[in-house]
């Protein structure tokens with residue numbers, strides 16, 4: 001499975017592509033950071049991110065895109081920009097029919113380091129080790145994008161099992177509802 005990991009941000013948006021193999025084997029194919037000037041208008045910054053993501057999607061043709069889920073931060077401006085950048089990425093993937101999954105920072109940290117409260121240095125060290133990289137990916141946005149992709153590779157089987165279980169449960173609920181409705185109709 002080929003996964004594009006995205007650490008969204010307006011100033012720096014980390015992009016990565018990894019390929020999963022047997023077991024927990026993951027190979028890094030590409031990583032970069034899209035930068036936009038903080039003094040540029042918002043629409044131009046989002047367009048720059050969109051253009052870069054479109055290029056990556058066309059070049060790498062991922063099976064799925066994993067994006068960091070935005071959570072509450074003290075700085076509303078930062079969280080809004082991060083959410084907007086993530087939305088641009090999700091839209092670009094959806095336009096191509098590519099599945100999008102969101103992972104929280106603690107999910108990513110737990111998947112990569114075993115500790116949902118790991119710091120940036122610990123995440124970077126584990127990403128470097130897992131991918132057998134010669135040097136640590138920099139800046140942190142690049143390491144985070146790789147960590148997101150690794151997290152999704154490792155969580156994808158569980159996500160698929162959950163989706164199948166939810167579909168089966170919905171089927172069973174509908175079957176039960178139909179049976180109750182038929183019984184009520186027959187009783188009238």
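Glycine too: its Cβ is placed from the backbone N, Cα and C atoms.
According to Swiss-Prot, the protein carries these features:
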type	residues	note
BINDING	7, 141	Mg(2+) 1 binding site
ACT_SITE	7	active site
BINDING	68	Mg(2+) 2 binding site
ACT_SITE	68	active site
ACT_SITE	141	active site
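Annotation: 7 carries the greatest number of neighbouring Cβ atoms among the binding-site residues 7, 68, 141 [cut-off 10 Å, Cβ to Cβ]. Residue 141 (Mg(2+) 1 binding site) sits 11 Å from the residue listed as 'Mg(2+) 2 binding site', taking the C-alpha atoms as the reference points. Secondary structure from DSSP puts residue 68 (Mg(2+) 2 binding site) in a beta strand. If you measure from the Cα atom of residue 68 (Mg(2+) 2 binding site) to that of residue 7 (Mg(2+) 1 binding site), you get 6 Å.
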